[in-house]
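To keep things clear, I will list the structure first and then write my remarks on it.
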Amino acid sequence: MASSPRHPDAEEALGGAGGAAATAPPAEKYGISPVGTPATSPSLSDKELDDTYQVYKTTADLETTPEEAKKVLRKIDSRVVPILFFTYMLQYLDKNSLNFASVYGLKQGTNLHGQDYSWLGSIFYFGYLISQFPSAYALQKLPIGKFVSIVTVIWGAILMTTPGCTSFAGIATNRFFLGLTEATVNPAFVLIMSIWYTSAEQPLRLESYYCTNGIATMFGGLIGYAVGHIKTGLARWMYVFIIFGAISIAWGVVSFIVLPDLPATAKFLNDKEKAIAIERVSRNKQGVKNHHFRKYQAVQCAKDPKTWILFIMAVGAQIPNSALTSFASIIVGSFGFDTLGTQYMQIPGGAVQFLALIVGGWVCTQWPSARCITMIVANSICIIGAGLLVGLPDHNKWGRLVALWLCYFQGLGFSMSLTMVSSNVAGYTKKQLTAAVLFTGYCVGNIIGPQTFIDSEYPRYHSAYIAMLVGYSIKLVMVIILYIYMYRSNKARDAAGLVNDHAAIEMGMHDQTELDNPGFSPGRLMTASVDYDKQKLLLSSETGHFSLIRALHLADLITELNGFCGVMSIFSSMRYLIDPTSVGNLYSALAFLPLGLFFDFMDGKVARWRKKSSMMGQELDSLADLISFGVSPAVVAFAIGVRTPLDHVCLAFFVLCGLTRLARFNVTATAIPKDATGKAAYFEGTPIPTTLGIDAVMAYWVSQGWIHDSLPGGMWLAGSALEFHPLVLIFLIHGCLMTSKSIHIPKP
């Protein structure tokens, strides 16, 4: 296949395949035996073959390097991501143009009364809902890039006709057709993610365009603010639709020219680069694209619990959505801000959303198994925000505004559910329909949401804020259920171990679903022809990255927290030396050390759980231990009065023994017997974290006031050049024990 062999990445992904393998077609059907060797020539239906299969076959003899693969990824990013970025920003701006126009006389200009404005928010999603399944079918049958581009032009034209609406019936019809056309974008982009990117690459790329919700909120607020200064010509609310619509039409033309449909037909890639692009994505074990509609996958979609969990999640997530879109200006105005204030006060909310999405995308790219955890954290923040909106008094306008900004974490939770479809559902028909069901839930939530804003409750909108709290709570419960379901499904699939990755990839290229493909597991992607260790590549001088942070594994970051505790302990001791009356600083210095031990314990647990280890991680662990359990205790001892010249020599000896013990461990670690998880059987010499025993003793002395002149044992040989505190012998003995060659302490 390639110059370097395929092997499974050792990650466990909680965001893995949903459901145990159902009666899987035999691997031999695809010309591959269960152990990955060629079998008989396959007899295959054309409907099973991926649209890029002919190019995929050429990858059997593909010779490539990590640098070439990175180059192809950069070319894909430079072509695909900018189009997704601006298209998504425009569709968000366009559907929320009501929000920006609402403060400039939209209601009066279109003769809206009572709940009419609320219905405009809902009617958009009636069109969106009706379009879901026809759009899914069209996206499967038609060139995806061209289809999305044409639809962009159409919705821009619809938006520009909005100023011609002078009644509720007219603008309601306009909003319905706008929803009908914009419904294509979200499902299309989910598919584009799976066409061009591996599962591990998808979260950050998806967030890079989804974060434009936040940018659009900021940009729309600026445009709305600028429109507020127009004093002549048309009514100001009309300019919002004209400006946004014209930009969308122009961008649709650009997208039609630039956005490719498939790697196999992409003009910006040469033949070898096309093969590399397809080979990369084939490692998702779900193919690239298949334009044949397969009925059995539709049935399987309807029976898969994941489908309906995602549906309920989407409903819960989108009930509060209207508060952040169509009603955002009205809500901010209800807090007591003036007309222009309602526009620029939305900018921080957009910034919160932007940063949450980018940080969340980066986290889930580095640690794909953290997707459900990320959704739980983001949703919990939203629950706090909604709870504050319900509970804070009316006069606390700034507190309520901050609460509204917290709710903008919602975008991170919902966008992660989209990656569940793009990376965790296989079979092109099933993926399309799962996305359609998810966005049906999206529509249902967005239809319900505006109706909770009852005009008679202005400015409090108590019912709407309670509905937001309920919606976020429903989603949190469903995310936890999804987490448990996927975790158990992955464990069952891993235990079965029915076929190897070569067979699983071939099945993916023949449009098998994740339930039919027993080797499907998005958490363990094949490295194939681009087999390389992430840290070795990122630490290479040829990569050109400014920062080493991206080279760290999750366990490494936990190790850094151990080092952080050690440094903070040293700083606390230094603060005590500056002000000896602040004994609290001594307690802080001592308390940081057991906290460091917690992180030292957890980094190993996480590394073994994720089966991720590296030389860099080993070195980080040793350096952090030296700071937290070597230097820090010595500094605390100095702070409490162990300060004679001979004391200094003994404390330095203790630190150097710790340094020597850690260096020896790094050299001999591979020779120490290990269990099946990679955990060493014993410690050679006393481990350096046992200095916490000394830490506990010093904490007792501090609590009794036995410090400085009251140190236990006093001072020996006082007044001479060899004066010292006998308690320093504890450090001396401990240093000798750490460097012992004969002491073997079994690990618990």
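Numbering starts at 1 and runs along the chain as it is shown here.
Cβ atoms here come from the backbone N, Cα and C positions, even for glycine.
Of the candidate ranges 147-170, 555-578, 651-674, TrEMBL annotates residues 147-170 with the feature transmembrane segment. Each of 147-170, 176-197, 209-227, 372-392, 715-737 was scored by its Cβ pairs under 8 Å to the transmembrane segment (344-365), and the highest score goes to 209-227.
With a cut-off of 8 Å between Cβ atoms, the residues of this chain six or more beyond the transmembrane segment (623-642) that come close are 559-560, 562-563, 565-567, 569-570, 573-574, 576-577, 586, 589-590, 592-593, 596-597, 600, 648, 651-652, 654-655, 658-659, 662, 688-689, 691-692, 694-695, 698, 701-702, 707-709, 711, 725, 727-728, 731.
Contact check: the transmembrane segment (398-421) against the transmembrane segment (176-197) gives at least three Cβ pairs closer than 8 Å, residues 6 or more apart, which meets the contact criterion.
Within the same chain, the transmembrane segment (465-485) packs against the transmembrane segment (372-392): three or more Cβ pairs sit under 8 Å, each pair at least 6 residues apart.
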